[in-house]
Amino acid sequence: MKFFAFSMLIGEASPIVLALRRTTLEVRQLDPIIRSELEQGSSSSCPKAILIFARGSTEIGNMGVSAGPAVASALEAYGADQIWVQGVGGPYTADLPSNFLPGGTSQSAINEAVRLFNEANTKCPSTPIVAGGYSQGTAVMAGAIPKLDAVRARVVGTVLFGYTQNQQNNKGIKDYPQEDLQVYCEVGDLVCDGTLIITVSHFLYLEEAAGPAPEFLKSKIGA
C-alpha cells in the first residue's frame, strides 16, 4: 500500500462526505456504536453466537458507525439475548497512521482481537464465533485469525468490507477456510486493489452489511 488520498480535495458537498453522512444517519437508527457483551457477559448464560467486529479507521466507539452496527442489528433477528456483540477497542484505536504498518494495522490491535477471540472460547466454549471488519478493521481480523491456533476452528464465519489486505492476501485470510470467508469489495474501492487510495466506493457497504453479510453468517451459525 503506497498511497493514501483520504484528504484529497474533500469538500463539504463531495460524494465522499455525502456518503459518509448518509451512512452515519442510517446506521444510527440500527445499533449502538459501543458493544461489549462478550466482556460483560456471564459464562452461565452463553448466547447462540458471538460476533466480534473491528471498525474502520477514525470510526468512533468500538463498533464504528457503518458496517459493524448494521451486521450486529441484522444478527439480532435471533433475539437480542441470543447474540453477544463485541467490538475491538482498547489498544485498537483505529488511527490512520496504522494503515501504513506491515499488515495494515498495529500489532497491539491484532493482539486485542486475539484476546477477545480467546475470551469467547474460554467463556463460552460451545458457542460459535463469527467475525467481521471494515476498512482497517479487515486488517485487524486478517492479522488476528491466523494467530488463533485451535480457537480458529471455532470462528465459523467471517465477513470483510473494503478489505485493505485483499490483494496482499490473495482475497483470503492465511490458514482460514475460504468457504467460511466472505469479502465485499465495491467496484471502484481501490483499497481492495492494494492501495490506500480512498474513493467514495469505500463508504458504500451498508447494503451488504445489512443484508448479504449477516445472512452468510447466519448460514454458518445455523438455525
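Placed from the backbone N, Cα and C atoms, the Cβ positions cover glycine too.
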Per Swiss-Prot, which of C46, C192 is disulfide-bonded to C124?
C46
Around the Cβ of S57 (site 'Transition state stabilizer'), other Cβ atoms found within 10 Å total 22
Considering Cα atoms only, can you say which of S135, D189, H202 is the nearest neighbour of C46 (disulfide bond) among these active-site residues?
S135
Counting other Cβ atoms within 10 Å of each residue's Cβ, which of the disulfide-bonded residues C46, C185, C192 comes out lowest?
C46
List which of the recorded positions S57, D189, H202 have their Cα within 10 Å of the Cα of Q136 (site 'Transition state stabilizer'), in sequence order.
S57
